[in-house]
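Novice: Sending over a structure as structure tokens; questions will come in a sec.
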Amino acid sequence: MPPRAPPAPGPRPPPRAAGRHGLSPLAPRPWRWLLLLALPAVCSALPPPRPVYTNHWAVQVLGGPGAADRVAAAHGYLNLGQIGNLDDYYHFYHSKTFKRSTLSSRGPHTFLRMDPQVKWLQQQEVKRRVKRQARSDSLYFNDPIWSNMWYMHCADKNSRCRSEMNVQAAWKRGYTGKNVVVTILDDGIERNHPDLAPNYDSYASYDVNGNDYDPSPRYDASNENKHGTRCAGEVAASANNSYCIVGIAYNAKIGGIRMLDGDVTDVVEAKSLGIRPNYIDIYSASWGPDDDGKTVDGPGRLAKQAFEYGIKKGRQGLGSIFVWASGNGGREGDHCSCDGYTNSIYTISVSSTTENGHKPWYLEECASTLATTYSSGAFYERKIVTTDLRQRCTDGHTGTSVSAPMVAGIIALALEANNQLTWRDVQHLLVKTSRPAHLKASDWKVNGAGHKVSHLYGFGLVDAEALVLEARKWTAVPSQHMCVATADKRPRSIPVVQVLRTTALTNACADHSDQRVVYLEHVVVRISISHPRRGDLQIHLISPSGTKSQLLAKRLLDFSNEGFTNWEFMTVHCWGEKAEGEWTLEVQDIPSQVRNPEKQGKLKEWSLILYGTAEHPYRTFSSHQSRSRMLELSVPEQEPLKAEGPPPQAETPEEEEEYTGVCHPECGDKGCDGPSADQCLNCVHFSLGNSKTNRKCVSECPLGYFGDTAARRCRRCHKGCETCTGRSPTQCLSCRRGFYHHQETNTCVTLCPAGLYADESQRLCLRCHPSCQKCVDEPEKSTVCKEGFSLARGSCIPDCEPGTYFDSELIRCGECHHTCRTCVGPSREECIHCAKSFHFQDWKCVPACGEGFYPEEMPGLPHKVCRRCDENCLSCEGSSRNCSRCKAGFTQLGTSCITNHTCSNADETFCEMVKSNRLCERKLFIQFCCRTCLLAG
């Protein structure tokens, strides 16, 4: 296939086929090259791969861990424990079945599903999950790359990006992510990287693939597990250390969950999403199902429950924040609505734009995208600078993989400004503060609530300064309501080319106060369609305000005949609009040339799920005063308005018999209409309630009220106060259940602020130890320490001097190994920086690089780093490919080591072609041709 753009200056690209490089027509065996060229076409015609089953099961067993252990043992399984935070769900393992098989397991152990204590089980399938980094085109590897962080400096005179994300402006206001914890769900992070180590948080890290607490990536020659380390640097690379870059939240804590470097199953994803939800604030994920233009996939049953647990229970009930990359399948015509992770109401789906504000070639369009950041673009546009594997830096990070950690870092700045933001508050803030700026898209529209929105960029480019300023004064939005409109289960044929329209008229659950939705947030369409070629479908939703959301675009590569079964499409384009009215669903079938147009699809059923609030999310209305008859109070009343003209003739009521009995002791001097406390005309002490709740006289006000002696009324305390001295939130004396009394401010809070902890027995916020930034249960039981202290066994210990490390076993500072300048432990393998005259090799400091390595200067490091020579070199100088000696079985050709091997089937003409075209110097061709020729001499 010809290249998509002219090659950049540099080394000559490898030949495409033998016949195009001077080989005569008589050259032998050209069929070898034809076979190679034909392979992609053959592979594309293969049927989709069959599912791969593992020897792991997810099982729901009631009765607790003991019951699960007994059930597992009875059927030959091992119970590996509860799955994350999901009660009654357990991870079973069977050692006597195939580790990986295309057939689901059979045998006596399958009787497990008939056990009466087993409510549900699922043999785990391997899920394909790909890292969302745009593929590099080797034609442009030698193009110049800007080494500065251009996306932080768009205001510079010569910058091509005209609009700022205003990260520096947020920093200038004092927000750098302090006390916020972000975790990267990926292939691990290099915790000893000099730019990550200062902010690395072991408590926010775990290795799900290896089942231990070290999230370090697996190292190999290809460095394929670099993705998580790159994402982590964008969030929280340390500042002012003369190394690599500055992270967006450079004072935030950064952790890593290693979960992509192995079989990814529903259990693996659920465990990863549920790691320490009350400690980790933000989870960032730059991966998902294949972006191949034909896959429809999303979270399984367990992962969905983990998402729900996180938003309900995470961050002490405020909700975990999940940030997701929207996908890189633009070149394949993919649509991110077919990705159940970015299409979820629980995730913040983030898109990308180029430095010029253009649509990147990898971008996927869909209605669930919330916001956008800068990232890479065409080969001539700059990429993103960040940390890289083996303590390096890179200026080549690309794709929407960049955008998710960028937004995670910006949200960390907002959480520092206001740590009481809920997961929905954060989404509202992004909607309010993101802006179209100079982002170019033909589909920008203003929705019914006045928000400008696009399928490419959501609500636009994130604005860090606007986000922190809005967060600082933010009031929590009202509670979320969910209204399910009646499902339309009438099957309808989908006519070819024409548009099938069906409507749903809803009052948005106005009859149910706990479900009523007036102002929209997310709108979900749950739909089932049968169709001979799924990729020919287009689906739109039109709101009562007229906003049109594209739920699905045509996908040329999706030839599946599976259609959709209860698939949920989500749109945020109706955010802030009124929910009540007529909704229109449009389904269009545009048949491709490879399909018989006479075969029609069928819309089986669809339903509408509305999420939002019953009250306006951004305004508070004062309650109207009751116009009904009230008890006479000892305060002056307003004079009634004078009506123009003669007053109307009042009807003369029948005379009622006047009460002459004894009044209640709490009745005042104006008497009563009966003997009870709710029949007084005025009160001795206080009146309680109103005309709707039968106002009565009381001697003292109950809990939740205070006595207004001037008005002789019981007035309600501020929300959360149990006893108080006034209506203000700062006049609380004690708090209701679920709140804690902050004695220094006399307020009632659901979470104690930094520096205080919640005492459950007294329901008080008490001060942590002076060394603690955050603590739990006790003054000295720390989770975060102040500057100058380190966390050890729940206590804050003073930081150690250079050349020493903190020994958590002995609770003191210990000496580093003599080869280390700085370290994390006593052995030579635990150095961070090396002592003078030592080099860094394989995580150790050595006096000289070993055989097969060469020394290289690293900017910002006080020592050299030993780099590995090419795999065939015994030794090299200055570069990995500049071999000076070769391993046994290899011959030196220039600066390369080539296999010293002959084969009887290579004739002189073929070998001459190999030599003349210097194919053996190109690694790609070593296996194809070099082993067939004797090249020595």
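Glycine is no exception: its Cβ is also placed from the backbone N, Cα and C atoms.
Quantities reported herein were computed from a predicted structural model and do not represent experimental measurements.
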Novice: Can you dig out which of the ranges 1-22, 529-550 Swiss-Prot describes as region 'Disordered'?
Specialist: 1-22
Novice: Should Asn882 (N-linked glycosylation site) be counted as helix, strand, or coil on the basis of DSSP?
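Specialist: For Asn882 (N-linked glycosylation site) - judged by DSSP and reduced to three states - the answer is coil.
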Novice: Please report how many Å separate the Cα atom of Asn882 (N-linked glycosylation site) from that of His227 (active site, charge relay system), as a whole number.
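Specialist: Cα to Cα, Asn882 (N-linked glycosylation site) and His227 (active site, charge relay system) are separated by 28 Å.
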Novice: Go ahead and report the DSSP secondary structure tallies for the repeat 'FU 4' (810-855): helix first, then strand, then coil.
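Specialist: Counts, helix then strand then coil: 3 helix, 21 strand, 22 coil.
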Novice: What Cα-Cα separation, expressed in whole Å, is found between His227 (active site, charge relay system) and Asp186 (active site, charge relay system)?
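Specialist: With the alpha carbons as reference points, the distance is 7 Å.
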Novice: In the structure shown, which of the recorded positions Asn240, Ser401, Asn882 has the fewest Cβ neighbours within 10 Å?
Specialist: Asn240
Novice: Just counting, how many other CB atoms are there within 10 A of the CB of Asp186 (active site, charge relay system)?
Specialist: 30
Novice: Whole-number Å only: compute the distance from the Cα of Ser401 (active site, charge relay system) to the Cα of Asp186 (active site, charge relay system).
Specialist: 11
Novice: Please count the residues of the repeat 'FU 3' (762-806) that DSSP assigns to helix (H, G, I), strand (E, B) and coil.
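Specialist: The composition, in the requested order, is 0 helix, 23 strand, 22 coil.
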